[in-house]
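Trainee: Mind looking over this structure? Questions follow.
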């Protein structure tokens, strides 16, 4: 294993054992590395005091590091949601969010710095894409939130900054690590996508290759029930018609055996009319899937409106009358710009 600038987070037990052997140490040293990385959550190699100091120094001199992130700011919302601003090794900023609810802790992780998709209602894409995150940077977000709450996460959702399907291999590598090394069940992990042409079959095939079986949830951010409206909200939809997108969802189901859930942001007087609910039911009714509604969370510089509770309730009841299983996601962390659609890598 080439040692130049290796980040240890994301490496599994066999890879860490191989690293130890490659450096003249025993398999046992690799197991110790694994334990201290994933059970104790160390930030620096020097903190792994069970390893010989000479070997620790040798690893550091060869450019090997844990590969964690540095917390540069923390925002605590009134509902106890915590947003962390985390600095990468090259000085970029990632936002990640911890959402407590009873005995559960959901961590919302980012997969990219910025986003190229340009969704009109989302703050993340306002500055475009800077780069995609590496597996260590994704896994490190989980450790940072775990440390902030002093408790282990129950769920991880890829709903932070970026489009996960434009970073498929690193996202799947991180899911593999979260599952096998941190012990987070795949069924407690959700990957959200706005839809990227030609990636759903690739996701299914690579997920089977990386994970052996696909148990995580794929959530499709639909946000509009027809092509014209969707294109006005999501520029990338111009190259990916809803009909083809839903065909790919069915193909994904055939390949993985896992149903796709649908997400729909409600924008006041724009996509929240009864006829929109009826159109949405027509689109997704055959999937026997869950629809997760999200009331718009305001961002600077946009004139979209959050719908009234009455309009939200009418939309929900319309879907339910059509036999659609639907839920409304609570807007957590709204007062600290930590809610869905509000993350942005610029607030220091």
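Just so you know, glycine gets a Cβ as well, placed from its N, Cα and C.
For reference, Swiss-Prot lists these features for the protein:
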| type | residues | note |
| --- | --- | --- |
| ACT_SITE | 95 | active site, proton acceptor |
| ACT_SITE | 340 | active site, S-methylcysteine intermediate |
| BINDING | 115, 119, 122 | [4Fe-4S] cluster binding site |
| BINDING | 162, 163, 192, 221, 222, 223, 297 | S-adenosyl-L-methionine binding site |
| DISULFID | 108-340 | disulfide bond |
| DOMAIN | 101-335 | domain 'Radical SAM core' |
Trainee: What is the number of other Cβ atoms found within 10 Å of the Cβ of residue 119 ([4Fe-4S] cluster binding site)?
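Mentor: Taking all protein chains shown, residue 119 ([4Fe-4S] cluster binding site) has 21 Cβ neighbours within 10 Å.
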Trainee: Counting distance between Cα atoms, which of the recorded positions 95, 108, 115, 119, 340 is nearest residue 222 (S-adenosyl-L-methionine binding site)?
Mentor: 119
Trainee: Let me check the 10 A CB neighbour count of residue 223 (S-adenosyl-L-methionine binding site). How many other CB atoms are there?
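Mentor: The answer is 25.
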Trainee: So what sits near residue 162 (S-adenosyl-L-methionine binding site) in its own chain, CB-to-CB under 8 Å and at least six residues off in sequence?
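Mentor: Counting only residues 6 or more apart in sequence, the Cβ neighbours of residue 162 (S-adenosyl-L-methionine binding site) under 8 Å are 110, 111, 112, 113, 114, 115, 124, 129, 132, 133.
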Trainee: In this predicted model, what is the average pLDDT of the domain 'Radical SAM core' (101-335)?
Mentor: 94
Trainee: Out of 95, 108, 340, the recorded positions in the record, which is closest to residue 119 ([4Fe-4S] cluster binding site) when you go by Cα distance?
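Mentor: Nearest in space to residue 119 ([4Fe-4S] cluster binding site), counting only the recorded positions, is 340.
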Trainee: Among 162, 163, 192, 221, 222, 223, 297, the annotated S-adenosyl-L-methionine contacts, find the widest CA pair distance and round it to a whole Å.
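Mentor: Taking every pair of listed residues, the largest Cα separation comes to 19 Å.
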Trainee: According to DSSP, which of helix, strand or coil covers residue 119 ([4Fe-4S] cluster binding site)?
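Mentor: The three-state answer is coil.
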Trainee: Any idea what the Cα distance is from residue 221 (S-adenosyl-L-methionine binding site) over to residue 108 (disulfide bond), rounded to a whole Å?
Mentor: 15
